[in-house]
Amino acid sequence: MAEVNWQQLINQKRATREALIPEQWLLPATITSKVTPQSTASAFELLSEAGLLTEREIDITEKYTAVSLTAKIATGELSSYDVATAFCKRAAIVHQLTNSLTEIFFDKALERARWLDEYLSKEGKTVGPLHGLPITLKDMIHVKGQYSTMGFVGHLRHPPADENAVITDMLEAAGAVFYCKTNVPQTLFVCESFNNVFGRTLNPYKLCLSPGGSSSGEAAQLGLCGSIMGVGSDIAGSVRVPAIFTGVYGFRPTVNRLPWSKQAELALKGWQGVQPTLGPMARTAQDLTLFMKTIIQAEPWRYDSTALAIPWHDAPRKDKLTIGVWSQDPQFPVFPPIARTMASAVGRLRAAGHTIKIIEAPPTMKAMKIAMRWFALDQVNLPLKFVQDGAESPIADLDAMDPGKFLDPGYVADLSENISISADIHDYREEWAKIWREAGIDVLLCPASRGSAVPHGEFGPLMYTIPWNLLDFPSSVVPFGKADKTLDSKDGYDSTVVDGAPTGFQLVGWRFQDEQTLMATEVIADTLKA
């Protein structure tokens, strides 16, 4: 068998992707020459400098939420076609500034949008609650006829998907318009944005900063308004950290509230350890609720045997919440931008009449060690196997989440550990149950990350997100404030490099209380905007 020239396949893949951007949407070299992972430039400023978007396109892509945009389309004030065109064009521009797309199918999107307009005109009603809404998808989510390489070199020889993922079918049935898929890091198990096929995705706020991971491309597109709603996934923080790094909202639901089936393979079938879940990313808290309500009301358990048959129930709005506040783990203290903006948010919530309860939490390292013991049980390790199959080099960022770094020397993973790990998870959950009961809280407010976006390659372990994956607690991210080189200047901390980067916090609810967690997210977001 002839030796495969992987670099040639990589070059072909990238060239094919770039050729799908219409010539009139291409940025001039005077702009693209400034786009490097070392640049301190803002993609917002570069987009404005390019001047390719019309006032109407800017209006469509920036003015609306998903809730208000679908309402405008439903009444005919905006056409699905015009909306799709505006978002396709902006996504293409955002990609050229951040390297955030893997698959581009704008032609399919415009064809779909035209059909939706004809349906609305003929039938006098929408297809569903997401009629005409452009939605971006993380690369692992199958779209029939499109590739799902996930940045694995060995996957470049795989054929395109022959069917949709269940989530793709359900969103399409609700009226969504798909137009592109987004970049991920190698293995999808690091909070970074680099793989050997597509390269590195950049943060739109400052190109030298990371957009987080593994839903890297989703975050970059949403942050710069190339997307209004996206679908990511989360097994250790992969929705939430990118959300906080790019100033958008993200939600990690209880596992199996959303369908997982028929996606690109990343783990052994039937894996019952710490499990991944899909999760929406958007620009408002209300849009997160729109996504979750739309899918769950459509009864995903009818299409996916792993989805839980738990109907959607609207959580009554509580204008005065009891909020537990966990400011940090002393072993992993948060950096000044997070400490400052979290304190500001808590102060404003208290002033608005919400009850604040200060929480002392179990060490995050306890959760990390338990989770890593789970991950170590997977002796196959499909993502790493995919790297080896492609004879590609593992990226340096994988070291941050290497299970061996958190396990005792000489630790041997075997299936007998399953019972011990399950018992430890039970005990850890009981610790949190006691805290929840004694404080009587509706939701927990805590960090999502030690800091705001970091320079590429400098993110450490996911200490503030992985506890909730281990316990399977629904959790959201609320963007609030920005890093400030003057206000955040502290001894030993370089506040200049992250100046202007978004900050925010995480909200955590009890298991299966997704609706209540989303309600609290809306209330808290509304309070902070007032």
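Heads up, the Cβ atoms here are built off N, Cα and C, so glycines get one too.
Per Swiss-Prot, the substrate site holds Ile235, Ala236, Gly237, Ser238; the candidate it also names there, chosen from Ser214, Ser216, Ser227, is Ser214. According to DSSP, Ser214 (active site, charge relay system) is assigned to coil rather than to any helix or strand.
Excluding the listed site residues Ser214, Ile235, Ala236, Gly237, Ser238, the same chain places Leu188, Phe189, Cys191, Gly213, Ser215, Ser233, Asp234, Val239, Val241, Pro276, Leu462, Thr465, Asn469 with Cβ atoms within 8 Å of the centre of the substrate site Cβ atoms. Here the C-alpha separation of Ile235 (substrate binding site) and Ser214 (active site, charge relay system) works out to 9 Å. Nearest neighbour of Ser214 (active site, charge relay system) by Cα distance, taken over the recorded positions Lys138, Ala236, Gly237, Ser238: Ser238.
For the binding-site residues Ile235, Ala236, the ranking by surrounding Cβ atoms (within 10 Å, all protein chains) places Ala236 first. Around Ser238 (active site, acyl-ester intermediate), the same-chain residues at least 6 positions away in sequence with a Cβ under 8 Å from its Cβ are Leu188, Cys191, Gly213, Ser214, Ser215, Gly232, Pro276. The candidate set comprises the recorded positions Lys138, Gly237. Of these, Gly237 has the most other Cβ atoms within 10 Å. Between the two most distant C-alpha atoms of the annotated substrate binders (Ser214, Ile235, Ala236, Gly237, Ser238) there are 9 Å.
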